[in-house]
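Peer 1: Sharing a structure, written as structure tokens. Questions coming.
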Amino acid sequence: MKPRSKRLLLLGSAGALLIGAVALVLTAFQQNLVFFHTPSEVAEGKAPQERAFRIGGLVEEGSIMREDDGYTVRFAITDTAHVIPVTYRGSLPAMFQEGKGAVVQGILGEDGLFRATELLAKHDENYMPVEAQFALDQAHKAQQTVQY
Amino acid sequence: MTTDIKDRSGQGKGLFRFSAPPVFYPLAGRLAPWFAGIAGVLTVIGLYIGFFVAPTDFQQGEVYRVIFIHVPAAWMSMFIYLIMAFWAAVGLVMNTRLSFMMTQALAPTGAIFCFLALWTGALWGKPTWGTYWVWDARLTSQLLLLFLYLGFIALTSAIEDSRRADRAGAIIALVGAINVPIIYFSVQWWNTLHQGASVSLTQAPSMATTMLWGMLVMALAAWAYTIAVALWRVRSIILERERHTDWVKAELDVQESRA
């Protein structure tokens with residue numbers, strides 16, 4: 001065997017071992033690498049109890065309600081399978097909207113209400129012009145009119 | 001010593017001929033201005049499409065226009081690291097000096113693109129997410145990439161003996177390369193605040209066409225820029241490392257007489 005092929009083999013096997021090790025570590029830390037849990041995971045009791053964690057999902061349509069003090073907000077976060085009611089005090093990011101993604105950090109109470117201390121809007125990977133969204137909405141409306 | 005050049009360039013066959021610094025040095029000098037020119041033209045076109053032609057986004061408004069810099073910079077920062085790892089592997093296996101010099105030449109540009117991706121991402125994150133920074137898998141692994149670049153540069157410049165510096169740097173380049181697929185796939189493997197890819201090889205892009213074009217033109221501009229500065233940088237590195245050889249002395253005499 002040429003020294004060159006020997007070095008290539010050595011490098012290749014070291015690389016394979018490294019990839020294997022990293023894959024094992026990443027699998028072991030799977031739970032800690034997720035930024036948030038889904039409402040379904042929370043419902044199954046997979047989320048940490050008695051300490052702060054994050055829930056991510058869609059803000060349920062028609063669920064955003066402001067309380068009388070003017071800055072406490074109640075809404076529900078859902079992954080369409082499960083719904084979790086959330087209360088949050090503080091300013092809202094501009095992108096926070098019903099039907100859009102959001103991530104909340106806080107503690108889940110015994111009563112099933114999630115008390116959030118931090119709220120982030122989650123953006124999706126879709127980019128389109130305003131006119132295209134308008135056209136989509138029109139088409140959607142037209143379809144509904146036909147159905148009724 | 002005068003036969004040095006002929007001996008080395010005579011040894012190589014095919015593409016290996018260019019692995020000899022005396023052969024590659026003038027070639028890099030001829031190619032670099034072309035790539036710099038292409039980079040300049042494409043940047044102007046790309047920024048024009050991005051800021052004047054591409055429509056406003058339906059959700060984000062104007063702030064989305066950061067993608068015309070953010071995405072090409074992030075792609076380039078990952079890709080340059082893989083190229084560095086490739087040259088490091090070639091250098092270790094084939095014992096070619098020029099491969100290590102290429103690794104050296106690419107690192108600063110990779111670090112700049114990595115920083116640019118993180119910085120523009122933070123500026124976009126504040127109005128969109130409501131925070132400059134979160135410790136999600138995508139952001140954290142990209143930050144790790146910046147540290148790998150800085151670590152590579154620091155380590156290779158801390159070791160005096162260039163042969164030992166090359167080998168130490170090659171190990172960082174190769175071991176760190178495993179971080180690149182982790183960055184890329186982090187948004188698929190784990191729940192992250194960072195959104196998934198809008199453009200990928202396997203799916204139709206989830207972007208309007210003009211937006212996509214602006215981004216792709218900027219990505220090509222980033223490529224051309226990287227090639228240009230890497231070639232210029234590798235020329236300096238060649239001169240520095242081969243300064244004791246006759247061909248460099250002859251080359252410098254020619255350059256001096258021209259100036």
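The backbone N, Cα and C atoms fix where each Cβ goes, and this holds for glycine too.
Reproduced below are the annotations present in TrEMBL:
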- B:32-194: domain 'Cytochrome c assembly protein' (DOMAIN)
- B:31-53: transmembrane segment (TRANSMEM)
- B:73-93: transmembrane segment (TRANSMEM)
- B:105-124: transmembrane segment (TRANSMEM)
- B:139-159: transmembrane segment (TRANSMEM)
- B:171-190: transmembrane segment (TRANSMEM)
- B:210-234: transmembrane segment (TRANSMEM)
Peer 1: Which one of these stretches, B:31-53, B:73-93, B:105-124, B:171-190, has the most C-beta pairs shorter than 8 Å to the transmembrane segment (B:139-159)?
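Peer 2: If we count Cβ pairs closer than 8 Å to the transmembrane segment (B:139-159), B:105-124 scores highest.
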Peer 1: Any chance the transmembrane segment (B:171-190) and the transmembrane segment (B:73-93) are in contact, meaning at least three CB pairs closer than 8 A with a sequence separation of 6+?
Peer 2: yes
Peer 1: Go through the chain and flag residues at least 6 beyond the ends of the transmembrane segment (B:73-93) whose CB is under 8 A from any CB in it; none is fine as an answer.
Peer 2: 99-100, 102-103, 106-107, 109-110, 113-114, 116-117, 120-121, 142, 145, 148-149, 152, 166-167, 169-171, 173-174, 176-177, 179-180, 183-184, 219, 222-223, 226
Peer 1: Looking only at the domain 'Cytochrome c assembly protein' (B:32-194), report the model's average pLDDT.
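Peer 2: Here the predicted model's pLDDT, averaged over the domain 'Cytochrome c assembly protein' (B:32-194), is 93.
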